[in-house]
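Asks: TrEMBL lists 1-17 with the feature signal peptide. The feature transmembrane segment is assigned by TrEMBL to 138-156, 165-183, 189-211, 250-269, 369-389, 395-421, 428-449, 455-479, 522-540.
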Amino acid sequence: MIVTLVCFSMSSAITFAVYANAVPRFRCKMETEVEEILAKCTESFHEAAALIGPWPKDPNDEGLHQGQYGCRRYQVNNRTIYLKKILEKRTVLLSENSSTEVCPHGHVFDPWEHQYPGGIVADWDLVCEEAWKVPFTSSMYMVGMMIGFVLGGVCGDRLGRRKTIYMATFLECGFGLAVSFSPNYVAYVVLRTLLAMSCTIKVTSISVFLVEMTNARYRSIFGAPWSIYFNFLCRSVHALAAMYIHNWRYLHLLVVAPPCFGVFALYFLPESPRWLVSKDRLDEAVSTLYKAYRINHLVCNKGRPIMTRNEFNKELNYEPKPMQSKSTLQAISERCRLCIQTCDKRICSKVFKVIKGPYQTGELAKRSIISTCIFAGQLCCFFGLLFYTRIIRDSIYLISFINALSSLPATFLSSIIYSCVRSRRRPLLVLYSVAGIILLIGGLYTVILQPSSEMALIVCCNLALAVLGATFNMIFIYIPELFPATMRTETLGNASGLGRVGSIISSFINELDKKFRHGLPVVIYATVTLTVVLLLCCMPDTTGANIKDKLEDDQSEAEVEA
């Protein structure tokens, strides 16, 4: 029931840019009378573009994909007379070396056959001098995710998992709806950044929440439905919807629809018992466990009578403390007094304590820094390879579905491994090594031989994506187990948030393919993946059992000897 509530309240807005940021073919928009003449003569887009400015003879020229054409038009005195002469002779009267000028009236767009036709580029004319604004939207989304992961860790540890998840869902719904009605580019970027923050605050808390709601053996299985829903079902539905919804605003409304349901459904989500224990709220923790016991007893009744609350307390060896009844007025007065006592603390001091949290001791600092580097390497390789496969000139809907499909074996692989193997670190070492070797083979083969067919590169990249998809799920289980419950979401948010730098850098790594040699980014991703293997060797192993609830707890979790 918990997994169902969590799944159907999540949105996958990160892949929305695959459709919204599609850059179509474009040409200069002419004066009104000239455009009317072109419309009456029923010229194709390719023919019309060749008449009014520099344009390649091949309609599928590589320069069109790189935005080298369509930004300038021929400079003539009387365009109406000039165009009539051109249409009579059916040829361009000026050479390609003639003087040109920038397009003063904007541009006319024509989508590629394999692209999404209704993106933000045509809406706000984001080409030529404004072309940098298209990737900037993705960069700002990643920045929002970076901030969101850090805030998610802080809020999750201080406010609780349930309150943080519900608050983030409410913000996700509001900002998601606002994006669909963005009046201009600036509003779109700001709202998408806030949406990214809301989504990742929620993801961080949910990841830890699912870890804390079950035992070590079933932890990966418990998170598998959420991973399948988020990585496969959502992305597949988006690809199918994009085939028929050719307006990015309506498509975005569909993408952010689940959080609107979650605003109502997540109200019934329980608080994490482990977080309650870490805050010494033992009565509430036992009450939550007892409710879970009663629900599980109704679903999986094996003929045994249900225990009373007192019997349940004895089963846990728990003796409830006597409750001191307080009136509402007394409770409010006590809260106000605490606020007055703490309000003189400086904001900078509070922020410093939050930042210092994951680095309180030498061992914690070491684990936090290495965890951040592991996340950076994972995100760099995963998102870099995901977007590197877009060089294939094929249907964006089919490619998106195949990318989503690759998440299924990744989810099953991570679930099976962590259900059968006690060690958390050793499977990660093996999988990262396999992914690095696969990428190294495909990358070096392409860089050295430069084959005419890219089949080897495509196969290697997709195999590596499947393996890295499994490690993606597994590090979200392994990393939180390295820290006590009092700072678990804080450290996870810190590591995964700062590690988001890796996904930002990946876009620049992919640019090396054009500037230096084809296949070079894949070799770099292989190097990064093998570096993650070395980093994992510096981390302790865990089994998921007896994980710490408090920093001062002497009982650490069991570690598998190397």
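Glycine too: its Cβ is placed from the backbone N, Cα and C atoms.
A quick note: this is a predicted structure, and the numbers were derived from the prediction, not measured.
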Asks: Go through the chain and flag residues at least 6 beyond the ends of the transmembrane segment (189-211) whose CB is under 8 A from any CB in it; none is fine as an answer.
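Replies: Beyond its ends, the transmembrane segment (189-211) has Cβ neighbours at 2-3, 6, 10-11, 13-14, 136-137, 140-145, 147-149, 151-153, 155-156, 161-162, 164-165, 167-169, 171-172, 175-176, 178-179, 182, 219, 222-223, 226, 256, 272, 476-477, 480-481, 488-489, 492-493, 496-497.
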Asks: When you check the transmembrane segment (522-540) against the transmembrane segment (369-389), do you get at least 3 Cβ pairs under 8 Å, counting only pairs 6 or more apart in sequence?
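Replies: When sequence-distant Cβ pairs are counted, the transmembrane segment (369-389) touches the transmembrane segment (522-540), since at least 3 lie under 8 Å.
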Asks: Sequence-remote contacts (6 or more beyond its ends) of the transmembrane segment (395-421), Cβ cut-off under 8 Å?
Replies: 15, 18-19, 22, 114-116, 217-221, 223-224, 227-228, 231-232, 235-236, 238-240, 242-243, 386, 389, 427, 462, 465-474, 477, 544
Asks: Six or more residues out from either end of the transmembrane segment (138-156), which same-chain residues have a Cβ under 8 Å from its Cβ atoms?
Replies: 14, 17, 21, 163-164, 167-168, 189, 192-205, 208, 354, 489-494, 496-498, 500-501, 503-504, 507
Asks: So, taking each listed stretch (165-183, 428-449, 455-479) in turn and counting its Cβ pairs to the transmembrane segment (369-389) that are under 8 angstroms, which one gives the highest count?
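Replies: Looking only at 165-183, 428-449, 455-479, the most contacts with the transmembrane segment (369-389) come from 455-479.
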Asks: Which residues of the same chain, at least 6 past either end of the transmembrane segment (455-479), have a Cβ under 8 Å from a Cβ in it?
Replies: 207, 211, 219-220, 223-224, 227, 231, 371, 374-375, 378, 381-382, 385-386, 388-389, 392, 402-403, 406-407, 409-411, 413-415, 417-418, 424-425, 427-428, 431-432, 434-435, 438-439, 441-443, 445-446, 491-492, 495-496, 519, 522, 525, 529, 542, 544
Asks: Which residues of the same chain, at least 6 past either end of the transmembrane segment (165-183), have a Cβ under 8 Å from a Cβ in it?
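Replies: Distant Cβ neighbours of the transmembrane segment (165-183) are 6, 9, 11, 13, 152, 155, 159, 191-192, 194-195, 197-199, 201-202, 205-206, 209, 249-250, 252-253, 255-256, 259-260, 262-263, 266-267, 269.
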